[in-house]
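*Asks:* Just dropping this structure here.
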């Protein structure tokens, strides 16, 4: 019979094994499920016209994965909680996602963790754009290092000044029909006038107060497919979550982001962060 000490050690090893999948296990998972957001302009998107960065430059960045394949981005809030876009977890009833942290590559390196709980914002409806925010609780706590760090959050209803420059990052497409980027990329874009953005998107229902827009009038750089859920960080704070747009970095159509400050109290009440 196993000694009590041996049994305890075995239980600990099993628990750790369940929390973080090894790279060998991930290679034997099923292929990526076919998934398309209900709204054609939702940005499962990618960084267009950006530049390669190391994960240590954005250590809060995570890859949300289905069947071992990158699907969306997200941000580390603390050792147990991740913030992403609500439309990124619409598949949860069919396929349980995992999270990769601490790697510049979405398909290798770092650590892959299981989720304990997924909490979409109560104001979000499947296929809709408003309150496109969800919290993910990890089964195991993260160990922080140079490649894994939480990002700071704004306070409830903190304003965003027009022209605020932010950095957005992800593994999304660099062209509308290209393959996923293997290496993390980023770009810098300014926030734009809310009324002008709302006018640009009138045929798509407009832009709500819980959203903001960022990009250049001439287009050319921004988010694209599979960047959704990723971070928009300005002055060290996560002020936006990549949500949707019309096409990718198209002139006249800036990217639309979920406004983190509009749900700050809900994040605190739900996660304690």
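Counting starts with 1 at the first residue shown.
Every residue gets a Cβ built from N, Cα and C, even glycine.
Source: prediction; values computed, not measured.
So Swiss-Prot says this about it:
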type: DOMAIN; residues: 47-272; note: domain 'Peptidase S1'
type: DISULFID; residues: 72-88; note: disulfide bond
type: ACT_SITE; residues: 87; note: active site, charge relay system
type: ACT_SITE; residues: 132; note: active site, charge relay system
type: DISULFID; residues: 197-213; note: disulfide bond
type: SITE; residues: 222; note: site 'Required for specificity'
type: DISULFID; residues: 224-248; note: disulfide bond
type: ACT_SITE; residues: 228; note: active site, charge relay system
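I'd like these features described in context: how deep, what's nearby, how far apart.
*Replies:* Within 10 Å of the C-beta atom of residue 72 (disulfide bond) sit 29 other C-beta atoms, taking all shown protein chains into account. In the three-state DSSP assignment, the secondary structure recorded for residue 72 (disulfide bond) is strand.
DSSP assigns residue 87 (active site, charge relay system) to a helix.
Contacts of residue 132 (active site, charge relay system) defined by a Cβ separation under 8 A and a same-chain sequence distance of 6+ are given as 85, 86, 87, 121, 124, 211, 241, 243, 244, 258, in order along the sequence.
Residue 197 (disulfide bond) is surrounded by 21 other CB atoms, counting those within 10 A of its CB over all protein chains shown.
Over all protein chains present, the Cβ of residue 228 (active site, charge relay system) has 31 other Cβ atoms lying within 10 Å.
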*Asks:* Between residue 72 (disulfide bond) and residue 213 (disulfide bond), what C-alpha distance do you get in Å?
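*Replies:* Answer for this pair: 19 Å between alpha carbons.
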*Asks:* Between the disulfide-bonded residues 88, 213, whose Cβ has more other Cβ atoms within 10 Å than any of the rest?
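*Replies:* Answer by Cβ density within 10 Å: 88.
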*Asks:* Given the recorded positions 197, 213, 228, state which is nearest to residue 88 (disulfide bond) when distance is taken between Cα atoms.
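*Replies:* Closest candidate to residue 88 (disulfide bond), judged by Cα separation, is 228.
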*Asks:* Could you state the whole-number distance in Å separating the C-alpha atoms of residue 213 (disulfide bond) and residue 228 (active site, charge relay system)?
*Replies:* 14
